[in-house]
Amino acid sequence: MDSLNSLIDGFGTALTPVNLLWAALGVLLGTAIGVLPGIGPAMAVALLLPVTYGLEPTGAFIMFAGIYYGAMFGGSTTSILLNTPGESAAVVAAMEGHPMAKAGRGPQALAAAAIGHFAGGMIGTVLLVVLAPTVASLAVDIGAPDYFAIMVLAFIAVTSVLGSSRIRGLASLLIGLTIGLVGLDQMTGQQRLTFGSLQLADGVDVVIVAVGLFAIGEALWVAAHLRRSTGEPIPVGRPWLGRDDLRRTWKSWLRGPVIGFPFGAIPAGGAEIPTFLSYVTEKRLSKHREEFGKGAIEGVAGPESAASASAAGTLVSMLTLGLPTTAVAAVMLAAFQQYGIQPGPLLFEREPELVWGLIASLFVGMVLLLALNLPLAPLWAKLLRIPRPYLYAGILFFAAVGAYAVGGEAADLVILLVIGLIGLGMRRYGLPVLPAVIGVILGPAAEQQLRRALQISDGSASGLVDTPFSVTVYGVVLLILAWPLVRKQVTRRMAARR
Amino acid sequence: MTTGTAGPTPGPKRAHWLRDHSELGVSVLLLVLGVLVLTDALTMSVDLTQRGPVGPRTVPLVVGGGLLVIAVLLAADVLRGGRGEAEGGEDIDLAEPADWRTVLLLAGVFLANAVLIGPFGFPVSGALLFWGSAWALGSRHYDRDPLIAAGLSLVTYFVFDSLLGVPLPGGPLMGVV
């Protein structure tokens, strides 16, 4: 058991006092962010990217992972008590959790959600330990054409699977790729889209793009449509579960990860689809089907477990292939780039201490989160009372701090505002933000791999498809592209049969 | 810009049509961006710098071309009745008309911060940024807001400057202290 030994070493890294502190800080921040409306984990990690300038990578990633998992825990608290999901992953939790809270079963709903997250996260992380080294060793000798294929997959998946309109997804991706082009060409030093400006010759820093699109764009968009009356959360006591509830939920907790983990690993939009699938599954399997819609505890337990497991699945793709499947993973990838670390199959060989410390810290974080969320949920719910002007003013404030910290230049703040306004316009007209961020982060890397691959093959396009790995990936890309057509055929056939 | 008036507006039909199809503006912007990227790529001199079969122009040409194609496709989609779905959220009330005044105020406050951070230092400009933003967003606690703003700004300054080692300009105020 090679990975078991590595994991034990990882615990050695994760359990040092400093890293424990980062894990604790991460899960605290994550829970708060999950509870708070308006801030998602992607925005939070983006706002924290500047700490990468002062912090060593292991501590930073331990904190980021804590935020990711913590936000999942906290998001369901808002869903259940306020009926307005704190995260997109927690939408399903509101469907059964809120009726439960209204009926006075809030404590049970919170407990089912928290333990669900714990179970899903634990099972998901165990799967991560088992699978990630295998995937990494399978992919270990991939070269430039393969990396390029993976990036094409990320581009296509993020524009095709997410959102309702492919055209708008592609528009967003192209905006991102354009921003990524600004600056000096990495291979020749040629100026591109700089218009003679020295400021732009350095390119637009990924931190500024991520903070601008996620934080400024979101804050301005909310400001344009700020809800004047905020809902009152339902007061709730300490979460607990009776024996009857336990009997109903334990199977749901175990079923969730089966659905959540694989969906997290593929670029299919993160936790939204698996939580919904888990909900439907629980409804079908439940003995209390009549309770669904009125507060069935299985409908909280299963989807929440699936949500946390999908976060673990996301980490598999991000760490082993460098393929970001969610917004948080995309921003974490940007953090890797800040440190000059290339996530991918070699990461497990080159940075074993970082990777295994990170994975071990996930187990630590999960235990901390359970301890934080089970007894303290009523306390966290108090965060919902924060006056909205302070919340969004705070987001703008920290966005400015983060962007200024990048290079200590006031001009960066102006670029940040411009990108924020682009983010505002994208939200207004339904252009998804994630493709643009992926375009900025992966665009320059993809170009480099493409040119490297073509250099090796001396310009022949066959150099892009001369490995089994790249051919497989392009097969998947074709499958994703063809999917809407296939679906149309299938539904037509089914309609005809009826 | 949508002003969000419900029901048919009495004004000229053309203004109404434009308001309904304001998304065409996105299409125009994409078109302009595409032309910009293509022009930049085509005017690039690559005689000496190019190494390998794919030079620094290839990807910009593809991206610029893609922008033009997408601009046309988006326009076609909008004219056929397709609409981008405005993003929802927990603090977002899409039923209310958009409040662009607040957005402008916030953008102004943010720009003021960019201008003031140099001469006055972060503690002052940051506090003004927070207070100004909270004011723009509707907070009118004149006793409490400036105190929170000043406290947040000072604490952030010391945490970043001293603890994290990320320098922020102190300005004349910190010079005195």
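The backbone N, Cα and C atoms fix where each Cβ goes, glycine too.
Residues or ranges marked as transmembrane segment in TrEMBL: A:20-49 (among others).
Restricting the average to the domain 'DUF112' (A:20-437) gives a pLDDT of 86. What TrEMBL lists as domain 'DUF112' is A:20-437.
The transmembrane segment annotation in TrEMBL covers A:61-82 (among others).
Remote same-chain residues near the transmembrane segment (A:109-132) are listed as 3-4, 7, 69, 72-73, 76-77, 80-81, 93, 96-97, 100-101, 236, 239-241, 245, 249, 252-254, 256-257, 260-261, 264, 295, 297, 300-313, 315-316, 319-320, 348, 359, 362-363, 366, 369-370, 373-374, 377 (criterion: CB distance under 8 Å, separation of at least six residues from the stretch ends). Annotation source TrEMBL lists transmembrane segment at A:109-132 (among others).
Beyond the ends of the transmembrane segment (A:144-161), by six or more residues, the same chain brings 169-170, 172-173, 266-269, 321-325, 344, 434-435, 438-439, 442, 445-446, 449-450, 452-453, 456, 463-467, 469-470, 473-474, 476-477, 480-481, 483 to within a C-beta distance below 8 angstroms of the stretch. Annotation source TrEMBL lists transmembrane segment at A:144-161 (among others).
Same-chain neighbours of the transmembrane segment (A:167-184): 155, 158-160, 190-194, 200-204, 209, 419, 422, 426, 429-441, 443-444, counting only residues six or more beyond its ends whose CB sits under 8 Å from a CB of the stretch. Taken from TrEMBL, the feature transmembrane segment covers A:167-184 (among others).
The feature transmembrane segment is assigned by TrEMBL to A:204-224 (among others).
Sequence annotations record features per position, and here TrEMBL assigns transmembrane segment to A:311-333 (among others).
Among the features that TrEMBL reports, transmembrane segment is placed at A:354-377 (among others). Same-chain residues lying 6+ beyond the ends of the transmembrane segment (A:354-377) with a Cβ under 8 Å from its Cβ atoms: 6-7, 9-11, 13-15, 19-20, 22-24, 26-28, 30-31, 57-58, 61-62, 65-66, 69-70, 73-74, 77, 110-111, 114-115, 117-118, 121-122, 125, 128-129, 132, 236, 238-239, 312, 315, 319, 341, 347-348.
The transmembrane segment feature in TrEMBL is assigned to A:389-422 (among others). Within its own chain, the transmembrane segment (A:389-422) has Cβ neighbours under 8 Å at 36-39, 43, 46-50, 53, 175, 179, 199, 202, 204-205, 207-209, 211-213, 215-220, 222-223, 226, counting only residues six or more beyond its boundaries.
The annotation transmembrane segment is assigned in TrEMBL to A:467-486 (among others).
Only sequence-distant pairs (6 or more apart) were considered; of these, at least three Cβ pairs between the transmembrane segment (A:20-49) and the transmembrane segment (A:204-224) are under 8 A, so the stretches are in contact. Most Cβ pairs under 8 Å with the transmembrane segment (A:311-333) belong to A:61-82, among the candidate stretches A:61-82, A:204-224, A:467-486.
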